[in-house]
Amino acid sequence: MSVDTLTAADPIRLEVALGERAYPILIGAGLLERAGEWIAPLLKGRRRVVVITDTNVGPLHLPRLTAGLAAAGVSVDTVTVPAGEGSKSWAGIADLVDRLLDLRVDRGTLLLALGGGVIGDLVGFAAAITMRGVDFVQIPTTLLAQVDSSVGGKTGINTKAGKNLVGSFHQPRLVLADMDCIATLPPRQLRAGYAEIVKHTVLGDAAMFAWLEAGGGAALLAGDRAALAKAVRHSCETKATIVAADEREGGQRALLNLGHTFGHALEAETGFSDTLLHGEAVAIGMVQALDLSVRLGLCPAADKARLVAHLVACGLPVDQQACGGPFDPATLVAHMRLDKKAKAGELTFVLCTGLGSAIVRDGVPESDVLPVLSEAH
Ligand SMILES: NC(=O)c1ccc[n+]([C@@H]2O[C@H](COP(=O)([O-])OP(=O)(O)OC[C@H]3O[C@@H](n4cnc5c(N)ncnc54)[C@H](O)[C@@H]3O)[C@@H](O)[C@H]2O)c1
Ligand SMILES: O=C(O)C(=O)C[C@@H](O)[C@H](O)[C@H](O)COP(=O)(O)O
Ligand SMILES: [Zn+2]
């Protein structure tokens, strides 16, 4: 089904099968205008929600959401936070929780996260800790958030020591992905979100990678809504399946971290700033992960070359030079030792065993990693 033929009455509906915490993912067009249809039933008779959004998204998309809720008799309090990764911080979470408490939220209050991955991660964390846990809904407005961050319940903030090192698993009650939001997204942000789509194919679906490579990706980036719908659906299905099998990353969920051990180190080195967007870090990190995989004899060099060629064709960065590097390899390795996958300070990586399949490898020697960090691609 293409998004051109979708209406709010018939969105694509997927499910994250987590037993009593299972929730739907709705993907379609015109969903904000009808949000009350899906959100009012979550309110248990209440008539008020708190929407948390950022300074870019609010003016663009909040009026449609507010109207959609009003149509179902639901009123809205709004909290607006500064746009950008800086809000995913100790200061950002303290400020948000204080503002929620000032609004007199209680355990029955539903929070709506309207924005990209920063808003989703921040609001999800606020929902996890306010009153020891309130419900929230993800309303992702970036491509990255629609294909990745809104699904799976990882919430949290960045700290001085690194990316996402403080947070919790707290699943949303609903994910409402309205494709109309993507129309206002700056091209650089669209490309950054595309990197996570590529990731889902590299770790699990060679045929879908080939589809992206053969023109599906270019079509999506040029605004083709059918291509967009196909890719968003594929990513959400991939992620929902993995999360349902391993919610708390005891095993296979770590595959979703492909490119992130390298990428998060680069984000830390560039100060969690606009110099390097998360999706761009993932693009570079995936290339480095495939480089390491090739060096360890796990992956054909030709597969790494295909990935690099595709990312370059899509306008994504593939090496550290694109974000002010190369950075000191020892400093990058020090960041990686703080990664949540590391065990007793030993390095763990998600490695590729050929396009479409990946494994988790513990105890990778630093001597194997250092050459990757000096390489341009
Ligand atoms: N929890 C997870 O599973 C998960 C997965 C992937 C990424 N993440 C996290 O997500 C964050 C990155 O998310 P992101 O790339 O969405 O960044 P973001 O939330 O900062 O959004 C990017 C920019 O686009 C703006 N924006 C958002 N929607 C818009 C729209 N429709 N039109 C115009 N502008 C819009 C935002 O204001 C911001 O300036 C990172 O912190 C990353 O660690 C989390
Ligand atoms: O959902 C997951 O699991 C992921 O790893 C998805 C990643 O794209 C995302 O960036 C996630 O926030 C990384 O998690 P972390 O545990 O490495 O902080
Ligand atoms: Zn990511």
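Cβ atoms are placed via backbone N, Cα and C, with glycine included.
Per TrEMBL, these features apply:
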BINDING   G117, V118, I119, G120, D121, T141, T142, K154, K163, C181, I182, A183, T184  NAD(+) binding site
BINDING   E196, H260, H278  Zn(2+) binding site
DOMAIN    79-191  domain '3-dehydroquinate synthase N-terminal'
DOMAIN    193-342  domain '3-dehydroquinate synthase C-terminal'
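Where TrEMBL records a feature, it is marked here on the structure.
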residue : record              : Cβ neighbours (10 Å)
G117    : NAD(+) binding site : 27
I119    : NAD(+) binding site : 29
D121    : NAD(+) binding site : 26
T142    : NAD(+) binding site : 27
K163    : NAD(+) binding site : 24
I182    : NAD(+) binding site : 23
T184    : NAD(+) binding site : 13
E196    : Zn(2+) binding site : 26
H260    : Zn(2+) binding site : 25
H278    : Zn(2+) binding site : 27
Please name which of the binding-site residues listed here, E196, H260, H278, is nearest in space to G117 (NAD(+) binding site), Cα against Cα.
-> H278
For the domain '3-dehydroquinate synthase N-terminal' (79-191), what are the DSSP-based totals of helix, strand and coil residues?
-> 50 helix, 32 strand, 31 coil
What remains of the binding-site residues G117, I119, T184, H260 after requiring a CB under 6 angstroms from ligand 2 is H260
Cα-Cα distance linking H278 (Zn(2+) binding site) and D121 (NAD(+) binding site), given in Å to the nearest integer = 13
On the domain '3-dehydroquinate synthase C-terminal' (193-342), the mean of the pLDDT values is 97
Do me a favour and check the Cα-Cα span between H278 (Zn(2+) binding site) and K163 (NAD(+) binding site); whole Å is fine.
-> 10
Nearest by Cα to E196 (Zn(2+) binding site), of the binding-site residues I119, T142, K163, I182, T184, is T142
